Amino acid sequence: MTKCPFDHQSTTLTTAAGKPVENNDNTMSAGAKGPLLLQDVWYQEKLAHFARERIPERVVHAKGSAAFGTFKVTNDISQYTKAAVFQPNTETEVLLRFSTVAGERGAADAERDVRGFSLKFYTSEGNWDLVGNNTPVFFIRDPLKFPDFIHTQKRDPRTNMRSADAAWDFWVHTPEAMHQVMILHSDRGIPANYRQMHGFGSHTYSFINDKNERFWVKFHFKSLQGIANLTNEEAAELVGRDRESSQKDLYENIEAGNFPRWAVKVQIMPEAKAHEHNYTFDLTKVWPHKDYPLIDVGILELNRNPENYFTEVEQAAFAPSNNVPGIGFSPDRMLQGRLFSYQDAQRYRLGVNHHQIPVNQPKCPFHTTHRDGYMRVDNNGGAHPNYAPNRFNTYQATHNQEPALQLEREAAHFDFREYDNDYFSQPRALYNLMSEEQQEVLATNYAGSLSGVTYEPTLTKALELFKEIDPRLEQAVRSKLNK
Ligand code: HEM
């Protein structure tokens, strides 16, 4: 059979079925001034395809930019993990997608919002996705609250506008959010671009070494470009003239050969230490660096822009459930809650066969029994058996199990507050780390955000929470609100 590939060299326009198009300027009509004819099938095809160009945007993190690059290990951490991607001198191709959280696909980049920091490592043992943010903590610590939280960040059902009332109503009823709310309203709340901000895996993950010992681990990515942020006024001015400022900055720097880099570091906690701290599996808290210092691992560099945004960025599917031998999950409730949600979302957004889209395919051999489904475009496993066990002994599991995890309690809907209701000591420590100038910016940003709140008790409650963090903070915000 003759093969007809997409021919970029050709000058002839064809239909999707390969037939040369006779006229691409004038639709066929009955007479020069008469109605159009249904038999102009090229016109039908062109408009029908156009009407189907959009796919659902990501339910969160819809606006984003991405680039490819490499992760190179420069330090030996093989005593903690057997993962191939972390063995000394290993170099792995990566895709890194940055995003804002709340805005739709057409939102402006320079908004006060958390930034997504999603990595896909194409390792020799499968794809490892680390789907993090530019902040080490998060607003909530139970995944059941995620849809509610996001509803308050998106548009109000009646006004179709973002609502400070909804955002603060949720936050004042969620005191564990105070740490992340402080970061969001701090001078770091509007990164100037994606290159000049840090990234974090945020959750506690696990490392498994070749002796089958488990360590708890947090991932950090320190920008080697330094940190740059915008004030509200600078951001407003920038958005007024350029809504794609972060996309432009990333794309143009990579095109110019000015490749952005991050120093990759980890914090490591021995398995048995987990129960000595309340913060080990709590995503609203950091691990103090004095207890668990940063350990150097390697360098991440972005050095290649995607050729096609839709196929390589819009269709990219990052999922915390994509892990590799030597890197495991943890009991962090939020991480557990994300393990199902991402692939579920992607089956809806991209389809059940989204893993065959080239950007999502592993770059190592893969061998699954998944078959059929919408848009199966590879050879679908050809004539190979599609079941296991089978008489050919294909599809053997490795049985390389992680060490068993000790669990301690009966199953129930445990209230996190039962063993931790310390919502304020970490935001207080962060507040005390800030210079007077940064504290002033924080109070101004809080007051600006709270000035959109119309329900008085929400405002009162927010001030009470600030007072718990530090009475100076409450005073500063109150006096700005009074003005
Ligand atoms: C995207 C769910 C918490 C970072 C998404 C998507 C879903 C989702 C459904 C869209 C996926 C897609 O269509 O491809 C959740 C749930 C959470 C949660 C249920 C809590 C239980 C978090 C946390 C972080 C995070 C804690 C960071 C530490 C991201 C990022 C993206 C994303 C960066 C964009 C991924 C990309 O670049 O394609 N989330 N999320 N999410 N989420 Fe979450």
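Even glycines carry a Cβ here, placed using N, Cα and C.
Those TrEMBL annotations? Automatic predictions, nothing curated.
Taken from TrEMBL as is:
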DOMAIN    14-396  domain 'Catalase core'
ACT_SITE  His61  active site
ACT_SITE  Asn133  active site
BINDING   Tyr342  heme binding site
Other C-beta atoms that fall within 10 angstroms of the C-beta of the residue listed as 'heme binding site': 19
Model confidence over the domain 'Catalase core' (14-396) (mean pLDDT, whole number): 98
Asn133 (active site) and Tyr342 (heme binding site), distance between Cα atoms, whole Å: 15
For the residue listed as 'heme binding site': DSSP state (helix, strand, coil): helix
